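Single-structure report; data block below.
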Ligand code: C5P
Ligand code: MG
């Protein structure tokens, strides 16, 4: 692994003055994935869903983590952080390689922009990723009620094929979210890094609010 020196976070793999990392949080079913897809269109982000990366690793033939990941996902608990962080770091390296020299907005001269969706779900992940991979710039926090999230997840469960879109797993995921993820949101809120967006309203309204937040961040960064 080559280690670039980051002016703000010495020892991190990626320099946060060039690589913008936005964490996307919110309870299960809050609309994180849906909104990320829009923001990719708007700003040319690379969208990395921690859950999707874990599911891909779970299904990868020969993975030493397959069974472990399956158990954690079914129980709605958080996979040990080193697994998820390594998957994210590898995916970031790949995206930077893939977009290099293609003259894509936001990706010239070693720059890049990432939406890291469903991460960090627990304090240890937050501290470790910021310190060793890339210091994050912002948290988009999509918030709505459990009732709304439950309705969306059960609807999604009809077609998602996800082993955890059933009522037992969903209840466990809600509990994990309250216990493990809310403290992460509070931690970043105390650093003034959180943009809270009500995701009870229509997809379009949520998208407008999210787009404005990101626009503001990029105009401040330049
Ligand atoms: O974000 P998503 O709902 O796809 O995540 C599905 C599951 O993947 C979570 O309930 C959890 O078990 C696992 N996960 C994790 N750490 C993350 C993101 C997801 O352990 N940062
Ligand atoms: Mg998702």
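Any Cβ shown, glycine's included, is placed from N, Cα and C.
Annotated features in TrEMBL:
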BINDING   29, 30, 31, 32, 33, 34, 156, 201  ATP binding site
BINDING   55, 77, 78, 79, 118, 119, 120, 121, 125, 162, 173  ribonucleoside 5'-phosphate binding site
REGION    49-79  region 'NMPbind'
REGION    155-165  region 'LID'
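Rounded to a whole number, the distance between the Cα atoms of residue 29 (ATP binding site) and residue 118 (ribonucleoside 5'-phosphate binding site) is 11 Å.
For residue 30 (ATP binding site) paired with residue 78 (ribonucleoside 5'-phosphate binding site), the C-alpha to C-alpha distance reads 18 Å. Less than 6 Å separates the Cβ from ligand 2 in the case of 32, 33, drawn from the binding-site residues 31, 32, 33, 125, 201 in sequence order.
Per-residue confidence over the region 'LID' (155-165) averages out at a pLDDT of 94. Over all protein chains present, the Cβ of residue 34 (ATP binding site) has 14 other Cβ atoms lying within 10 Å. Checking the binding-site residues 33, 78, 118, 156, 173 against ligand 1 with a 6 Å cutoff on the Cβ atom leaves 78, 118, 173, in sequence order. Comparing CA positions across the binding-site residues 55, 78, 120, 173, the one lying closest to residue 29 (ATP binding site) turns out to be 173. Counting only same-chain residues 6+ beyond the ends of the region 'NMPbind' (49-79), those with a CB under 8 A from a CB of the stretch are 32-33, 36, 87-88, 91, 116-119, 121-122, 125, 163-164, 169-173, 175-176, 180. Comparing the binding-site residues 30, 78, 201 by how many other C-beta atoms lie within 10 angstroms of each C-beta, the top residue is 30. Within 10 Å of residue 31 (ATP binding site), judged by CA to CA distance, lies none of the binding-site residues 55, 78, 120, 125, 173.
The secondary structure of residue 156 (ATP binding site), as reduced to three states from DSSP, is helical.
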